[in-house]
Amino acid sequence: MDSIVTTEDTIAAIASAISIGKGGVAIIRVSGKDSINSCKKIVQTKSKYAWESHRVFHGFIQENKQNKFIDEVLISVMKSPNSFTGEDVVELHCHGGIIIVNKVLKILLSSNSRVRLANPGEFSQRAFLNGKIDLTQAESINQLINASNTRSAELAFSGIQGEIKKKINDIKNDLINQLCEIEARVDFEEDFTDFDYTKYLKNIKKVKEKIELLIENAKRNSYIHNGISIALIGKTNVGKSSLLNLLAKKEKAIVTNIPGTTRDVIEINLTINDIPMKIIDTAGIRETSEQIERIGIKKSFRKIKESDFIIYIYSLEEGFNEEDKKIIQEIPKEKLITILGNKKDLIDCKNINSNELKNTILMSIKNNDGERLLIDTIIKKCGLKQVENINIFLNERHLANLSACLSNLNDTDEIIKNKLPFDLLSIELRDGIQNLSKITGQELTEELLDNIFSKFCIGK
């Protein structure tokens, strides 16, 4: 955008993290056409650089006209259009205690009728509307703020630098080139008998491969940011709670030889290989008349459906029997699963049936023998063995629009295959381009934009 979108009101909010209630410095951000004048009303300063753009100067916050100072601050000014939002922006750097920062914000709001508290994500929304950032960059800022590990933060920062936009525009340009050739023929009513269908299908196949790779990466990098939920499933006394304690490096679950000890779900959050994981210990599955235990078993099956990954544990002493097979048949086919044979220290592994060994990890949870292999297997099956190859983070909104575009391109294949009118090709390509444009924010309704930015924190 070349022009700056102006709004009648000026917004203000605490822009720094204050979740623990105190810190060395807190920042109050003010944006809008009245930001400088509103701050002048509450700031006393003798600096010769006062209120110049891209200057930081010293001052005091004044509570009333009696010159009662309540805090000593640094003030930075960024005048339109050279600011994050594209508007005039002032940032007040005050001391970080929750009491004082709220006091400064209250004084600012009460002294200026044209200044109001910002809505969640409103600073970023104004930056987007003023063309300072595209929608993927705005979402990446929120992603970075909420990153739960360093890899997630790295992926978010690549989005801030415009990597998502680059990949989407690359695909979009490919489709625009195809659309131009087709529409030129439609507009001039040229004969399509000499149209190179093979070349077109080859080009579209390349575009679809790019989209499919992004979709595949989107599924994997969701694990990086949101974590992998892993349910420990199996019969009673096979070592589920012991495995939970082993992974947690502390006793989180009670372990006894009495069947049915675990009657409720126990969850712990860990970070392994810089990937967040939620480990879920469930009640042992068996036939029982005990009501509380039966409730726990129902929860076990519920967690099977809710989890990303299943570790099915059985005892090598007992072997993998019909009861185990029956339980595994209850696990949805699409679920990622690893079968773990526990208590290898109690048997001679040479005597294990070769069919039982297939796709099974042998482990002694008691002796911590096999933990590394188990973790490596989880990471490999989740497609995270080479996370360095994943260089952008795509969220569910991006994924939905990419999938819609892919559907449009598949429809063009059907149009050619069934020799349908050529103008239908143009329609599908236009729809595909529109779905890609929604990702960067070029084709979105105001209502949808409000919904996206409402998920941001206040102050960003």
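Cβ atoms are placed via backbone N, Cα and C, with glycine included.
Annotated features, as they stand in Swiss-Prot:
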- ARG29, GLU91, LYS132, LYS460: (6S)-5-formyl-5,6,7,8-tetrahydrofolate binding site (BINDING)
- ASN237, THR256, ILE258, THR261: K(+) binding site (BINDING)
- 237-242, 256-262, 281-284: GTP binding site (BINDING)
- SER241, THR262: Mg(2+) binding site (BINDING)
- 227-383: domain 'TrmE-type G' (DOMAIN)
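Reported as a whole number, the C-alpha separation between ALA283 (GTP binding site) and SER241 (Mg(2+) binding site) equals 9 Å. Using a 10 Å radius centred on the Cβ of ARG29 ((6S)-5-formyl-5,6,7,8-tetrahydrofolate binding site) and all shown protein chains, the other Cβ atoms total 22. SER241 (Mg(2+) binding site) has ARG29 as its nearest neighbour among the binding-site residues ARG29, GLU91, LYS132, going by CA to CA distance. Between the CA atoms of ARG29 ((6S)-5-formyl-5,6,7,8-tetrahydrofolate binding site) and ASN237 (K(+) binding site) there is a gap of 57 Å, rounded to the nearest whole number. Of the listed binding-site residues, namely LYS132, LYS240, the sparsest CB environment within 10 A is found at LYS132.
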